[in-house]
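What TrEMBL annotates here:
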TRANSMEM  31-52  transmembrane segment
TRANSMEM  64-85  transmembrane segment
TRANSMEM  97-118  transmembrane segment
TRANSMEM  154-174  transmembrane segment
TRANSMEM  180-201  transmembrane segment
TRANSMEM  256-278  transmembrane segment
TRANSMEM  298-317  transmembrane segment
TRANSMEM  354-372  transmembrane segment
TRANSMEM  378-397  transmembrane segment
TRANSMEM  409-431  transmembrane segment
TRANSMEM  437-458  transmembrane segment
């Protein structure tokens with residue numbers, strides 16, 4: 001059948017085995033602790049820290065409160081990640097929120113998440129990062145004027161196609177790209193941090209005098225400031241999407257989170273201090289690209305290094321987003337919630353290439369129609385809606401099923417704080433500044449009902465889809481995979 005449910009199967013460690021005369025295919029465990037830290041930090045450090053600071057400052061009204069928002073976003077990301085680490089040691093399957101919602105709440109809400117995530121959320125996030133990559137990559141070719149939109153969108157599309165090829169060829173190649181680009185972007189941020197410390201040592205502290213003057217008090221404005229800040233931290237949950245590909249997941253998952261997120265939070269705070277040391281708040285607000293303005297002021301003729309660093313940073317982040325986003329599509333198909341072809345892996349390369357190709361196609365559509373700021377706000381709204389649902393699932397397991405084996409436990413107060421923050425982030429902008437687009441998003445989520453009942457619940461599978469699946473299987477050289485039984 002075109003969509004079918006698979007049962008959990010057998011051993012854990014090899015990529016193929018022979019059972020009852022049938023060869024079984026599964027993804028390899030190739031993500032180590034270093035690659036895990038790179039996946040989290042490399043996806044988190046993308047375009048956000050180079051583009052969001054002016055928006056956080058704009059919504060908060062002054063430097064000191066904007067720095068508090070950055071610190072609070074880092075703390076919230078850490079709390080969310082620690083909660084997800086416990087979920088990852090109870091449910092040792094790839095798929096992140098999707099698999100947790102499926103195992104805790106059942107098929108229908110999991111399908112709505114998969115439908116929304118695969119068609120809208122993940123491709124939108126990838127499109128936003130690739131668009132910002134394109135802006136910085138081609139800026140040097142158009143000095144003194146804004147880059148033409150056609151050139152930006154063509155460059156972003158080329159970025160997605162290159163990422164598709166890398167991720168379809170080999171998992172190890174994709175993780176190597178992540179490791180290299182993470183090192184490059186950490187170096188770029190360190191340059192900004194050191195530059196800022198030098199400016200502070202010279203006494204450039206005027207931005208921090210009367211730091212809290214003119215703070216914004218509206219709950220909606222604070223909520224939107226959080227959205228922009230949290231966009232820069234997005235990716236804290238990415239390791240949970242590839243649990244089945246982690247070496248020793250029960251150790252690697254919590255350890256990688258505890259290394260990567262505090263590191264990124266410290267860097268973000270120091271980079272924001274550096275921006276404010278180099279620029280007055282009004283200069284920062286009028287800057288189209290904060291990092292480039294900083295480079296012009298501090299590095300002079302070496303300012304091109306910042307544009308190059310941002311391009312490298314956003315490319316590396318796109319790779320991490322693409323790597324984990326393709327897994328959601330693959331796992332949802334494996335559970336029978338998406339067309340069967342998307343659950344298959346290449347017979348030799350052991351990569352989920354049909355799911356990656358589908359994610360790539362949806363992202364290309366988003367690039368044609370989307371803009372950066374609108375994508376960020378609505379991406380954040382949908383993301384925190386499902387984060388809240390997942391965290392409530394963890395609280396249910398902690399209270400109702402404490403006997404379940406787990407190698408790591410998070411104090412119950414931490415998921416409670418994350419759940420309260422998620423409720424605030426979803427409701428505050430609706431209450432304070434209701435927008436018609438949020439209604440469209442909610443309608444889109446529930447439009448999944450039209451597909452769920454005939455295709456998943458009643459298992460109606462048109463015959464022509466089975467023929468299409470067979471032809472695609474032969475064309476792409478893919479075969480069904482089995483799941484690790486943990």
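Using N, Cα and C of the backbone, Cβ positions are placed for all residues, glycine too.
Given the structure is predicted, the values throughout are model-derived calculations rather than measurements.
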Listed stretch, out of 31-52, 154-174, 354-372, that has the most CB pairs under 8 angstroms to the transmembrane segment (180-201):
31-52
Surrounding residues of the transmembrane segment (409-431) on its own chain - C-beta under 8 Å, 6+ positions past either end:
76, 79-80, 82-83, 85-86, 219-220, 222-224, 226-227, 230, 377, 380-381, 384-385, 387-388, 391-392, 394-395, 398, 438
Count the CB pairs under 8 A between the transmembrane segment (298-317) and each of 31-52, 64-85, 97-118, 154-174, 437-458, then give me the winner.
31-52
Determine which recorded stretch among 31-52, 154-174, 354-372, 378-397 has the most C-beta pairs below 8 angstroms with the transmembrane segment (64-85).
378-397
I need to check the long-range neighbours of the transmembrane segment (154-174): which residues 6 or more away from its ends have a CB within less than 8 Å of a CB in the stretch?
27-28, 30-31, 126-127, 130-131, 133-134, 137-138, 245, 315, 318-319, 322-323, 326, 346, 349-351, 353, 356-357, 360, 363-364, 367
In terms of Cβ proximity under 8 Å, which residues at least six beyond the ends of the transmembrane segment (378-397) contact it?
80, 83-84, 86-87, 90, 97, 100-101, 104-105, 109, 113, 116-117, 120-121, 124-125, 128, 227, 230-231, 234, 237, 404, 412, 415-416, 418-419, 422-423, 425-426, 429, 437-438, 441, 445
When counting Cβ pairs under 8 Å to the transmembrane segment (437-458), the leader among 31-52, 97-118, 256-278, 354-372:
97-118
